[in-house]
Every structure is written in structure tokens, then in C-alpha cells.
Amino acid sequence: MPVPSSITSNQHIVVLGGGVIGVTTAVTLARQGYKVTVCARDLPTDSESTGFASPWAGANWATFASKYDYRLQRWEEHTFKQLWNLIPTGHVMELPITVYKSEQGIKDLWHKHLTPNFRRVHPPCAKPGVSGAAFTSVSLSAPDYLQHLYKTAVQLGVGFIRKSFNSIHEPFQGAHGIPTADLVVNATGLGARKLDGCNDPQVMPIRGQTVVVDAPNVKECVMALDSSYSSESAYIIPRPNGQAILGGCFQVGNWDTEVDIDMGQRILERCFELNKNLSPTGKFEDIKVVRHNVGLRPAREGGARLEFELLEDPQGFDEGHPVVHAYGIGPAGYQCSWGMARDVFNLVDEHLKPTRSLDMVATTDSIKQSANTTPRSCPVAPTTTRSRSSSQRWIPQSPIISPQTVLI
Ligand SMILES: Cc1cc2nc3c(=O)[nH]c(=O)nc-3n(C[C@H](O)[C@H](O)[C@H](O)COP(=O)(O)OP(=O)(O)OC[C@H]3O[C@@H](n4cnc5c(N)ncnc54)[C@H](O)[C@@H]3O)c2cc1C
């Protein structure tokens, strides 16, 4: 629903990046009255592009946050609630999940009070050191959900422009027919590695390969450890459209977007072991393969970067170029999307609010009351920081999400 003009802001925000983080952020900012343009090399409708991660996700909600990673937990918790609320729309599906991982990994699961029906379960075949937990969660079909987000953004007045940028400063120069930015949100995923003004060497891919199958009879998600091949695991994620996505692998630093057919076969075999209903007849050869996929998760050594930075204008015209970085979420972009977008909004608002008109301030209550909005009073988390120069980089407390953490 478009916001009433009385609460719109004249300040223009350019979101660099059309993946799930960029578009969810654009929706969140537009709902709060900001003028937003998403500029990206790959747009959310490019469901066949391996140039970005978002079309290739599972995607379900299954935590990647360690016991003490409160920032990631907060993003995941907020997003879980938002996705749960979307179940009636049909874009998100309620989903029973069983995870098998180390005994300690199961003990450390922090979301017992968030995800319904949480309980301990025994693995079907006893493997030493492996334990299990089951709970109710959600899944979505990533390409369909991206379309839904895109349509929502367009309805809110968000503009979309296909454009590849060399520098984070370009949107401040009013070039390429894009209205000059008052602030840029950097949601470029792996692009943050080479984007001038950011050039983050800690950004790196984590390659994931999956197989999409028609499996309307599969109603449960299973995620299990398989240690026969390093960096490979087994998971089955049913989607709202009757398909299921089977995985997978977690290859840190691998940029290869070609399908490895042998790996695809191993994925099918491992997942069939987990659930024979993947085949309508119960025979392996009758599994209906729709396609093989490869996607590169945009990860970052040290964890995702979400912070405000006032960059110097390299040309010296402007007092500074305000940027909110939001990249490097790796394997958890969908399940963190609304939480990250809320933190981005808080940082944007903190920076731009003083220059808003009085009318804008006076309508705060009406904004709070409007449907689907994030309250303005959301505190910025202590672990989500501001910095004033690129040399003062924020270093998160949590390490990169390691393959060990992810191989479940
Ligand atoms: C196999 C697989 C399974 C996954 N499963 C899950 C799951 O179950 N749950 C979950 O939560 N997540 C999952 N993920 C992770 C999820 O896909 C990512 O975390 C998420 O897509 C990251 O979104 P993003 O917007 O940060 O980056 P991206 O989707 O990579 O988007 C980056 C955007 O920036 C643009 N860009 C980059 N550089 C430039 C530039 N210089 N100029 C202009 N534009 C630029 C790109 O074109 C793109 O639009 C999975 C990923 C894979 C590969």
C-alpha cells in the first residue's frame, strides 16, 4: 500500500543491490516514507542470473547463529516473525524441520521459545556424536518470493534501475539519470569486494549446489550431516510451489558457477536416503529432476557488515557521502532479511532524521499506526555500529559462519 504523501520524505536513498537484502531494505525504507531507488546489475526479476545469490537460495529458516551471536539471533528472530506473518499470503509456507548435527550443536540451538513445537529427536540411524532436534519453521521459493518483494516495492513507489557501478560515490553525482542520492545503502553482496569506496577484501563466495525436484508429497524438511565428502551435506527443503530443493555443499572461496554433475548425483542419492517420498514411485530413477543449480553465497570473513560510514567525497564537492553498508550475510540472507533491513532503517533514520521537515516529525504516530511498518523507536543494536572513516572498520564479535557450523 503506498504511503500517504503527507508522510513522504524528500530525501532520496539509493539502494545498491537488487538481492533479497537490497529489496527488503527498499520496502522497509519506502514504508517509512523515504524515496527509494534500487540500482543493481542484477534485478530481482533476473531469476536465471548467477551474478547474484538471491535466486538460488533454498530457502528456509534454520538458524546459523551461534549461542552467543546475539546480533544474528536478533536478525533471525525478527525475520522469523515477519515470514510467519506472510504464511497466509501463500508466499511463505509453514514447515516442519528436523536437523541432525553434533550433540553440542543441538544443545546450543537458541530458538526453543521462538519456533513452535521445538523438541529433541533421535537420528534414524545412530551415528556417534550426532543428535537431532525438530521444530516448526518456514520456507519459501526464492525466485517467487523475490518477485513478490519486487512487486511490493514497486507498489510502494520504489524505482528500479539496471546499472553496474564501479564506485559507491557514483549515486551521489546525479549521473545516469538517477536522482542524486542523499544516502546510499550498500547491499551489493559479493560486489562489495570490488566496489570502489568499499573494496572489502574480507568478502568471499561460499559456493552452493542444489537440485530442484518435483515432490508434492514431501512435506517435511530434513537437514543432515554427511561426512563422506568434505564440505558437502544433505538437506531437503520443500517449497510452497510443490517443488523441493535438495542440497548441498558449502565450498568456501569457490567462484565456480558451473554445475558439477557428479555432485548433483551425490546430492540426489543422499537426499533419497533421507526421504523416499522424493520419488512418486519410491524408486530412485523416478525422481523428477527439474534442474540443477549453483549459487554463490555472499559471505564475509568476520560476519556480515552492517554499519554507517561517512565517506569523504573523492572530488571534494560534498561534505561527505553517507553510506549504510549491508552485505556479507553469506548463507542466511533470507532468514535475516527483515532484521537487517530494520537495522539499516534505524541507521538511515538516525542520520537523515534531523533534516526532515516538521510535518514529517509530526506524523510519526500515523506512521506507527500504518500497517506493516517498523516502529521508529526500534533501538539500534549495540553490535550494529556507526563509523566515521573507512579506516575505522567495525569488527564483529562473531566469526564467519564456518563450514563446521553449517554442515548439518
Ligand atoms: C544454494 C544456496 C542455498 C541457500 N539457502 C538459504 C536458506 O535456506 N535460507 C537463507 O536465509 N539463505 C539461503 N541462502 C543465502 C541467500 O541466498 C543469500 O544470503 C542472499 O541471497 C544474499 O542476498 P544479498 O542481497 O546480500 O546478495 P545478492 O543476492 O548476491 O545480491 C547482490 C546485489 O548487488 C548487485 N551488485 C553487486 N555489485 C554491484 C555493482 N558493482 N553495481 C551494481 N549492482 C551490484 C547484484 O547485481 C545484486 O543485485 C542460500 C544461498 C545458496 C547459494
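Even glycines carry a Cβ here, placed using N, Cα and C.
Under the heading domain 'FAD dependent oxidoreductase', TrEMBL lists 13-344.
Secondary structure from DSSP puts Thr188 (FAD binding site) in coil. As annotated by TrEMBL, FAD binding site applies to Thr188.
Look at Arg297 (D-dopa binding site): DSSP puts it in a strand. If you look up TrEMBL, you'll see Arg297 marked as D-dopa binding site.
Under the heading region 'Disordered', TrEMBL lists 364-396.
TrEMBL lists 364-376 with the feature compositional bias 'Polar residues'.
Here TrEMBL flags 383-393 as compositional bias 'Low complexity'.
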Distance, Thr188 (FAD binding site) to Arg297 (D-dopa binding site) (CA atoms, angstrom): 12
